[in-house]
Amino acid sequence: MHVHAAPIATPAVRFAGVVRHFGTVRAVDGVDLSIAPGEFFAMLGPSGSGKTTCLRLIAGFEQPDAGHIEIFGETVEGLPPYRRAVNTVFQDYALFPHLSVGENVAYGLRVRGIGRTDRDRMARDALAMVKLAGMEARRPAQLSGGQRQRVALARALVVRPKVLLLDEPLGALDLKLREEMQSELKGLQRALGLTFVFVTHDQSEALSMADRVAVFNEGRIVQVGPPEEVYERPATRFVARFVGSANVLEASQAQALGGPARPSSLRPEKIALLAPGAPAPEGASLIEARVTEVSYQGPVRRVSVLSADGLALTAAIPAAAAGVMAGASVRLAVPAGAVRAMEGEE
Amino acid sequence: MTRAPLSLKIAAIGGLAFLHIPLLFILLYCFTTEEKSYAFPPPGFTLKWFGVVWGRADIWAAVGLSLKVASIATVLALILGTLAAGALARARFFGREPISLLFVLPIALPGIVTGIALRQAFGLMEIPFSLWTIVLGHATFCIVVVYNNAVARLRRLSPSLIEASMDLGADAFQTFRLVILPNIGTALLAGGMLAFALSFDEVIVTTFTAGQQSTLPIWMLSELIRPRQRPVTNVVAVLVILVTFLPILAAYYLTRHGEAVAGSGK
């Protein structure tokens, strides 16, 4: 992270009790948020959870009905988008179809009154930065999806925003391109030392790119933290299920598996399959169960089981493991410490 | 593609002939030497009617009035139609559907209803008939044509383009000039030309809103009742065909890659 050395750095973006409703729907329902300068921040959640509205509140396309928003210490409520030092990469890229790629990138400079030669040079540099040198004369319609994405990125970065907002930036790309763009975005963010805020419904995208992840549900942030923390220690049932589909255990079930007497989460990949006759590892809890369903997922198999005392669990076991099929009896081991209390649940 | 049967081809050709051969007769009788009736075949050919038209002040007064009315009504329609389209294309608000319907209604309403309504309204408000009463009458349907074209184009425009423009620092006027106008320009041009053509040959609404003045179509209607110099009307009719046909043709070519020119049916 590129957090400055100042003792109390002014947050790049700060939300205090922000509310935004559409009719009777509370799209954003009391969000507090603080994003550090230079942070790569992900807003993760299902559709309708309020994450995109939060992004639009930062951009200025929406105004809060209550609460307070600051960008680098400046109060921005009431400021229109064109008065905010933030820029957006839109989900559909929103490239201007009547302008060339070069003119698209130079648009923000043009409306700021920067002369043609200067803005052409800056647009060229910005395009080179996103590996599209020499594409200035093309029309957006002549570009592939990945190239359009890069143009949108160059167009937003050329006006030197303090915060870059990305709305489902990789949603429209195919898997290969998506992985490529992920590392490129990350590299760009590091090189520029800029604050990136991106919205996604894809948990693997959020976990792999972000410095911190905010998980949204029903207009509220249910957990914020580094990816490892959100994944390893989900605070609520919702986070446990939404991020990596963890098993959710009630207090008594958690205790029976060697965990605390509190509602807890158990990651499927922590559960190990024991070979017939093999002893349980030191400190692990043993479960006798019957397999109800198996789904092959490449590197792993997701196995749904029902234990003898009626507990339904999902385990992710190496795909190579033999003898696991629906109806089979298996012995599973839950290592000590794998069952983790959810801080946000009573 | 399958080939159409012969009977269908003949029917199609017959239909087109029925529509367009009368136009050829108008052209033919521009040159006839017979001035009281349209005898076929014309007894002889002459160019003198063009000279007669050139020399008649009443014709040029009517042409002048028609051009003025059509131009002003078109400009009015372009401004108001675009604004209305901007308001109604995307926004969701209470009463949006009824308002759009009311907006398009004048083009569906028979001209005679519009005419009577306007005449009574002008009478009630004691507004004397003038150029402006005609313009107002024409604007009712010209606005619809521009509105329909503009709204169709605006709806195809991604709403995030406008947000992207604002996001990049453009205020509302810059966004309109640099993003919206270039994207709806051809639709406005097509709508404007269609509006001009509609206004230029409008008779019914004009009859109710013109008072003593004659626009070109009104002048032609009154001329037909007179027994003398009949070919003069033909010459003027050919001029009208040219003046209205060229813009419509241009509008067609400008928008054929876009959507159909909606509301061109008046």
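Glycine is no exception: its Cβ is also placed from the backbone N, Cα and C atoms.
Annotated domain 'ABC transmembrane type-1' per TrEMBL: B:63-251, in sequence order. Look at TrEMBL and you will find B:6-31, B:38-57, B:69-89, B:101-121, B:127-147, B:176-197, B:203-222, B:234-254 tagged as transmembrane segment.
Tertiary neighbourhood of the transmembrane segment (B:203-222): same-chain residues 58-59, 61-63, 65-66, 69, 110-112, 114-116, 118-119, 122, 128-131, 133-134, 136-138, 140-141, 233, 236-237, 240, selected by CB-CB distance under 8 Å and a gap of 6+ residues from either end. Contact counts against the transmembrane segment (B:127-147), taken as Cβ pairs under 8 Å, peak for B:69-89 among the stretches B:38-57, B:69-89, B:176-197, B:234-254. Put simply, of B:6-31, B:69-89, B:101-121, B:176-197, B:234-254, the stretch with the most CB pairs closer than 8 A to the transmembrane segment (B:38-57) is B:6-31. If you look at the transmembrane segment (B:6-31), the same-chain residues 6 or more away from its ends with a CB under 8 A from one of its CBs are 38, 42, 45-47, 49-50, 230-231, 234-235, 237-238, 241.
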